[in-house]
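Copied over from TrEMBL:
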- 369-550: coiled coil (COILED)
- 85-324: domain 'Glycosyl transferase CAP10' (DOMAIN)
- 603-644: repeat 'WD' (REPEAT)
- 645-686: repeat 'WD' (REPEAT)
- 687-729: repeat 'WD' (REPEAT)
- 729-770: repeat 'WD' (REPEAT)
- 830-859: repeat 'WD' (REPEAT)
């Protein structure tokens, strides 16, 4: 930021700033003016003396168009002096729209401070004073980090611009095939004529800056000079496409292209459109540029930043000064505050008239007191003279006595003495009365002074209150204008909405009548359809009953034949297995076969523990993930490994297949989700965006390109695999441990650390429902049944709960005295028919529950199992059931025909051959 100070002062660094240079800044007559020094009256000289700005020449303008610009230009310099203290020096300030100093004049190079300049001119840049006038800091406050319009992804991705025709007459011929008077008009006309889909540039009345925040991008164009809109636009967080300009302001030295703004040339709207297309493809970059611009405005363009810049500028300028000014050299000066003198005199006259009589009485009493003081002094003098004469007479009388003066003469002297004594006594009495009158006048004077001081204080308080009320009135007027504009806008919108509502009401009446007729017809159709279905159900029930009887006879016959063959065969075990297979193939629909024995146990499949299991939708493949940073693909029926997938940098918490089984995804114990191609085993995607470890992953059954993940950063993200990035982020105050997607992909069920089950609408991105307090401790897993009507949750409180998705009510609670959840990643699962549920306990036992009855149906236990069971997954085809433990082992559980030594303890009916 401050490099601009040194760049501006470089012409004087070798030579210094002399008195001759300052004299070159004196405004001259209009007849002698040229383009080098600007318009008469657009500059003036000041003296900074003891932190007071004193005007020494020039004078403030009174033309209607620009009244007050000088006031605010000097005001910010005065504020910097009062806040930081500025050195005593003489300086010159300009307030025109364009730079002025293009070279020397009369041998001097004027160090003129101005807010806008061209690169080849010698002006010294200073902040624009209008930002004090228009309360720029208030604008910054309205655009804080948490308050700057619509969310970024909801903004219009066009470049907006609303301009006035107040701009310079730069030659535009040849750029667009027409000659326009200024670049703003050229851009707006070209945008209108070509109807660009990337820009919205218009030459109309100014639009409030707050309205600009509905767009993502804006185009900044110069006016006659530097347009101060740039500083205001930077505070909004929009991505600014800034025209390459020959004009600069004090803060341009701190701006960087592609960091704080996007540069564009003079090549018209087509170039702007190309930039907008680029920014659309690089949306994160565009948003970051807008954020950097807004951060820059808050740090450097606030009142504190501008005043700091002025402080540095004056200190560096003082170092180059070759002379010291003296206040006596400027007899005809006026302080900055004298500008308000006339107004204060009028206010003072209005307020003093009310106390004119009291002031007159005060002055009369003061005059009387002074007269009494003079009379008292005269009496003191006469008394002194009488005392002196009396003493002379007494001495004469003594001398007459001693010299035997004649008695007649002595008697005359005695009489004279008595007369003088009487006069002296009278003088003393008059003096006493005068002293008493003087004391009384002094008391009255003191009373008048007290009244005057009290009234002066009241006047001062009244003046401060009047100033506060004037400021409040200005603010109320500004708010009233804003409210009037908002009311007008709302009124127009309400009228439009009312018209739409009336049209919609008429349409609704018509549709209601049509709907009533359709409902009547549909009810008749449904009645006929219900009768037909009842007849079909009756026939189906009879058919099923006959089929069961036939199946029972076929099973009995098959069993008898198989046992007969077994007695005649040496390999009786094979015959027994063949019988069991035949029975499984003939098992009636609706009866889930419970796993009873270990088909195969694989110790150490994942070193450090296996925490994620998932079947493909068809049940043809099984994926497992663990702490060894690998994902393995298995053939479930034979429990043989098909592939080992590498590429993860951390342990795996969860795995999932896409609906088409082409990709398998793994939630990494850090910040990413990895996706592999199942057929080739190659790593296809790395989905990054979470700020903490990823705890769960689920794929949409309805769309192979939609994936949902949750993480410890309290977010749920929806990903588009075709795009490779997050399309929506859902946030909640409680960490989400696990999640699942409904069969139509429209609903997400998520289990949280606070024990609540929450449902989210994928289309709107909002929470649809919450089952609070479902578990007293955190939820470790969520499993959606195949029908989509039931959710199974497992919690650290050692309970499993079945929740009806349609009513959001708990239908069943599953528990067992010996069942204990072994960790935060313990996952439970439902059978394909949703009649059974399975979960692993801390002692390694797999518990099977009969869901409708709410009781334990069986316990599966591998004899050598010594580790806590973590995850369970039930094949969509029925069997096998697969479990994993903290040691990384996998166990495939099948029907009674399986081998491996595992045992089952059943409750309820017993099955035997």
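In case you wondered, yes, glycine gets a Cβ from its N, Cα and C as well.
All TrEMBL annotations are machine predictions without curation.
Note that this is a predicted model, so its numbers are computed, not measured.
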Distant-in-sequence neighbours of the repeat 'WD' (603-644), which means Cβ under 8 A and at least six residues beyond its ends: 650-657, 659, 661, 664, 666-667, 674, 676, 678, 681, 701, 825, 827, 870-877, 880, 882-890, 892
Non-local residues, at least 6 beyond the ends, that sit with Cβ under 8 Å of the repeat 'WD' (830-859): 590, 592, 594-596, 783, 785-787, 790, 792, 794, 800, 802, 812-814, 816, 818-823, 865-872, 874-878, 881, 883, 885, 891, 893, 904-908
Secondary structure content, the repeat 'WD' (729-770) (per DSSP, counts of residues): 0 helix, 25 strand, 17 coil
Segment confidence, the repeat 'WD' (729-770), expressed as mean pLDDT: 94
